[in-house]
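Engineer: TrEMBL lists these features:
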type	residues	note
DOMAIN	73-155	domain 'GHMP kinase N-terminal'
BINDING	96, 97, 98, 99, 100, 101, 102, 103, 104, 105, 106	ATP binding site
DOMAIN	216-287	domain 'GHMP kinase C-terminal'
Ligand SMILES: Nc1ncnc2c1ncn2[C@@H]1O[C@H](COP(=O)(O)OP(=O)(O)OP(=O)(O)O)[C@@H](O)[C@H]1O
Ligand SMILES: N[C@@H](CCO)C(=O)O
């Protein structure tokens with residue numbers, strides 16, 4: 001048991017970052033935390049045992065604990081905590097659900113990071129990832145960790161193995177991340193359903209060459225190797241059809257000097273990596289032009305990697 005359990009009524013605010021999962025060739029294994037956007041969550045320790053989710057988001061998220069990813073994650077944590085405990089959760093949802101920016105992961109991770117703080121930090125980050133994966137199961141039907149891990153650890157993470165969980169934190173050179181979020185919804189569950197279950201050996205060889213190249217490029221601060229490795233021959237050809245303007249954004253961003261990029265998570269958001277800020281801003285101009293011409297509402301972000309991960313704001 002932890003020795004610094006807060007008293008009932010205590011609350012904590014958590015900033016939970018958006019995340020870009022897959023990172024093009026690393027489907028289900030690579031992910032990156034962003035400095036913006038982020039969810040703001042407030043969790044309060046209650047006298048009454050249980051989970052009480054406030055109805056105060058514009059997306060009409062479920063308040064039943066087992067249907068809200070934050071509640072599902074807390075249920076997993078409470079099962080391991082064993083002693084009776086209660087949490088009241090309020091979510092200021094700034095990452096739109098179904099955006100491809102890890103909205104479900106931000107709620108799942110933020111909830112367990114906050115609860116862990118209130119209980120005196122008895123659990124490790126790996127424990128918290130395990131709990132939060134229950135939230136991803138609610139959101140997409142699968143316990144994937146490639147949004148959760150970077151959201152909790154920060155930076156870029158590699159999920160070498162899910163069962164047992166084996167998370168590897170990666171270093172990387174300074175990079176800008178330009179994101180466009182076309183305001184259409186692509187649910188992860190749908191974007192997973194359309195994937196083929198088998199891949200050709202030729203495609204697999206190309207894909208694992210790119211993953212190894214991308215990870216090596218990160219670790220060696222080799223921008224050219226990173227750029228050459230940002231290629232996905234398995235998932236993107238299937239999913240990109242769900243995102244209007246994708247091919248245009250990708251080609252014109254590369255022409256504007258981006259290292260490369262692709263679908264953020266299961267989409268519809270698209271991300272591009274750049275070495276220089278002026279290039280990242282030029283890529284944003286490309287994204288704005290593409291979606292203005294298409295007449296599709298969108299949001300853009302020019303941001304950087306968030307190395308802190310979900311963090312408690314101690315008032
Ligand atoms: N607290 C919550 N925050 C966000 N989504 C939630 C929450 N609780 C339940 N959901 C449901 O989870 C789904 C959002 O998860 P989904 O994985 O589809 O989007 P995303 O996390 O933004 O995308 P991606 O996982 O590709 O980054 C929506 O159907 C939403 O209703
Ligand atoms: N790897 C998951 C991430 C979802 O954000 C997918 O692409 O389905």
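Each Cβ is built from the backbone N, Cα and C atoms, and glycine gets one as well.
The shown structure was predicted, so the numbers you read here are calculated from the model rather than taken from an experiment.
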Engineer: Within 8 Å of the Cβ centroid of the ATP site residues 96, 97, 98, 99, 100, 101, 102, 103, 104, 105, 106, which other residues of the same chain have their Cβ?
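Structural biologist: Along the chain, the qualifying residues are 18, 95, 147, 265.
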Engineer: As a check: which entries in 96, 100, 106, the binding-site residues, place their Cβ less than 6 Å from an atom of ligand 1?
Structural biologist: 100
Engineer: Which one of these binding-site residues, 96, 98, 100, 104, 106, has the sparsest Cβ neighbourhood, judged by other Cβ atoms within 10 angstroms?
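Structural biologist: Each of the binding-site residues 96, 98, 100, 104, 106 was scored; lowest Cβ tally within 10 Å is 96.
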Engineer: Taking the Cβ of residue 102 (ATP binding site) as reference, which residues of that chain separated by at least 6 in sequence fall under 8 Å from it?
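Structural biologist: Expected: 17, 18, 19, 20, 21, 31, 95, 147, 151, 265.
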Engineer: Within the domain 'GHMP kinase N-terminal' (73-155), what mean pLDDT does the predicted structure show?
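Structural biologist: Average per-residue pLDDT within the domain 'GHMP kinase N-terminal' (73-155): 97.
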Engineer: Under the DSSP assignment, what numbers of helix, strand and coil residues are found in the domain 'GHMP kinase C-terminal' (216-287)?
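Structural biologist: DSSP classes over the domain 'GHMP kinase C-terminal' (216-287) add up to 39 helix, 9 strand, 24 coil.
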Engineer: When DSSP is mapped onto helix/strand/coil, what comes out for residue 106 (ATP binding site)?
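Structural biologist: Going by the DSSP assignment, residue 106 (ATP binding site) falls within a helical segment, counted as helix.
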Engineer: Give me the DSSP three-state residue breakdown of the domain 'GHMP kinase N-terminal' (73-155), ordered helix, strand, coil.
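Structural biologist: For that range the per-state counts are 47 helix, 7 strand, 29 coil.
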